[in-house]
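Asker: Provided herewith is a single structure, encoded as structure tokens, for subsequent inquiry.
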């Protein structure tokens, strides 16, 4: 009695191991039945009929599960697109990744959405230029010029001061003394006027002297001529009287 019970237990155990192996192989190889093992013939003893009956009964649920599992996975793999790939190892298969195609409805919805304006457009550049071209006289150099107006030259990027009247310097902090200039100018004018008057007086005196000398010479000649005529007349009168 012990030998048939031991053989029955061994056969059931072997069937369970074979069924689990077949199920795992079916999951890995996508429903291909490779290496299915048939149950061993076992012992041709008197208890062989009982073993075969028990094996058929125990095989039914495992076989149905295997068939349903193979059918489900085969349908799933049939529905999937055929993607080219390469096998690194017997147990690992590397396949390429393909981006899923967008539906037409999604594309239409995306096209219907209003286009947003880019921030880096003309408006953005204008704002940047405005920020760059901000006048530093209004903020940083507000109190730079003491007695003048701050002016920013964009081409040279230099801040200068336009000084008020009578002020000069980098920050218009120095003032010119008008009183000293007036005194100097008055003195110079007085000196110039005096020189002009002196020169004019000298010139007038010289002209007067020259004219006086010329007139004297002229009158002296005329006087001498008149005197000579008078003498000649007197001499002629005396001569006629003697004769």
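Backbone N, Cα and C define each Cβ position, glycine as well.
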Asker: Of the ranges 55-75, 76-96, 139-159, which one does Swiss-Prot flag as region 'Disordered'?
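Answerer: The listed stretch tagged region 'Disordered' in Swiss-Prot is 55-75.
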Asker: Write down the single range among 190-213, 214-237 that appears in Swiss-Prot as transmembrane segment.
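Answerer: Of 190-213, 214-237, Swiss-Prot gives transmembrane segment for 190-213.
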Asker: Can you figure out which of 137, 150, 172, 236 (the recorded positions) comes closest in space to residue 161 (disulfide bond), comparing Cα atoms?
Answerer: 150
Asker: Which ones, of the recorded positions 137, 145, 150, 236, have a Cα no more than 10 Å from the Cα of residue 163 (disulfide bond)?
Answerer: 145, 150
Asker: Looking at the disulfide-bonded residues 145, 163, 172, which sits with the largest number of other Cβ atoms within 10 Å of its Cβ?
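Answerer: Within the set of disulfide-bonded residues, the most crowded position is 145.
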Asker: So if I draw a 10 Å sphere around the Cβ of residue 150 (disulfide bond), how many other Cβ atoms end up inside it?
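Answerer: Around residue 150 (disulfide bond), other Cβ atoms within 10 Å: 20.
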Asker: Which state, by DSSP, holds residue 145 (disulfide bond): helix, strand or coil?
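Answerer: Where residue 145 (disulfide bond) sits, the three-state DSSP reduction gives coil.
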